[in-house]
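**Student:** As annotated by TrEMBL, transmembrane segment applies to 24-43, 64-84, 90-116, 123-143, 163-183, 190-214, 226-247, 259-279, 291-308.
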Amino acid sequence: MAPSEVVVATAMSGSYKGMSSDNIKGLVLALSSSFFIGASFIVKKKGLKKAGSAGIRAGVGGYSYLYEPLWWVGMITMIVGEIANFAAYAFAPAILVTPLGALSIIISAVLAHIILREKLHIFGILGCALCVVGSTTIVLHAPQEREIESVKEVWDLATEPAFLFYAALVIAVVLILIFHYIPQFGQTHIMFYISVCSLVGSLSVMSVKALGIALKVTLSGMNQLIYPQTWTFALVVTVCVLTQMNYLNKALDTFNTAVVSPIYYVMFTSLTILASVIMFKDWDRQNPTQIVTEMCGFVTILSGTFLLHKTKDMADGTCIFFLVDL
């Protein structure tokens with residue numbers, strides 16, 4: 001065998017070694033996370049319905065669901081899913097874990113169709129598919145996260161002018177939505193509740209990353225709990241998560257679960273990627289082809305979101321008329 005053939009054969013034999021044990025663990029955790037989170041939407045919705053029949057509905061400002069055991073089962077299920085998702089990142093790269101979050105949309109839609117009898121017609125299925133394809137495209141072409149070794153490094157990134165402007169803009173928009181638009185249009189327009197959840201969520205994820213880094217570095221022997229930045233990030237996470245939970249409950253109680261779940265996933269993922277790009281300057285390490293591909297994925301997401309919102313109340317028999325209108 002010629003030397004060149006030996007080199008080629010060696011390269012081919014070593015090009016694929018299968019998934020490592022850590023990657024397999026991350027994959028299993030990510031799949032488990034998607035199942036738990038997708039199922040939690042359904043369990044919480046049933047709890048909200050049960051609580052609403054005996055008290056003031058969450059959609060109109062009630063909190064009777066806090067006394068409903070079924071809602072707490074759904075909440076605990078979601079927490080388990082989020083913990084599994086967080087643990088998955090400890091074993092596998094983000095490029096493997098994050099796209100699998102889209103599976104929770106499919107699980108939620110299928111369970112809603114079977115358990116809650118919320119019909120998902122052909123355009124709803126197509127909208128879900130577009131959302132999943134677009135979100136997966138963005139995530140798969142997103143750059144790798146930069147290496148950070150202390151919570152102070154994250155704080156320096158979070159206090160740069162670009163991200164401070166983004167955070168201030170998010171807070172301003174959320175306050176306007178909460179105090180002006182939601183009281184008037186929250187019951188009839190799904191995007192107001194979901195926008196609050198997604199905008200606040202983009203800030204919470206950045207803070208969760210900071211806490212994750214602080215915990216990882218602390219366990220390695222360098223205590224990060226002594227820094228006030230760590231506790232500031234913890235406070236931001238607490239406020240953001242409580243806000244997300246409140247308005248997600250209102251959205252689930254008011255609108256179809258099969259519509260809430262994919263729209264929330266799409267907006268949350270898109271805004272989180274945007275926040276990460278601003279904070280960690282990811283696009284500085286990408287070529288134009290990668291950026292254009294991500295933008296195409298975003299357009300696909302917008303198409304799926306529009307299709308879901310446009311046809312959410314449409315019966316199967318009226319689908320043909322929608323095609324004619326288009």
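Note that Cβ sites are derived from N, Cα and C of the backbone, with glycine treated the same way.
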**Student:** Same chain, outside the transmembrane segment (291-308) by at least 6, Cβ under 8 Å from its Cβ: which residues?
**Tutor:** 123-124, 126-138, 141-142, 259, 262-263, 266-267, 270, 273, 283
**Student:** Is the transmembrane segment (64-84) packed against any residues at least 6 beyond its ends, judged by a Cβ distance under 8 Å, and which are they?
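**Tutor:** For the transmembrane segment (64-84), the far contacts come to 29-30, 32-37, 39-48, 50-52, 54-58, 104, 245, 249, 253.
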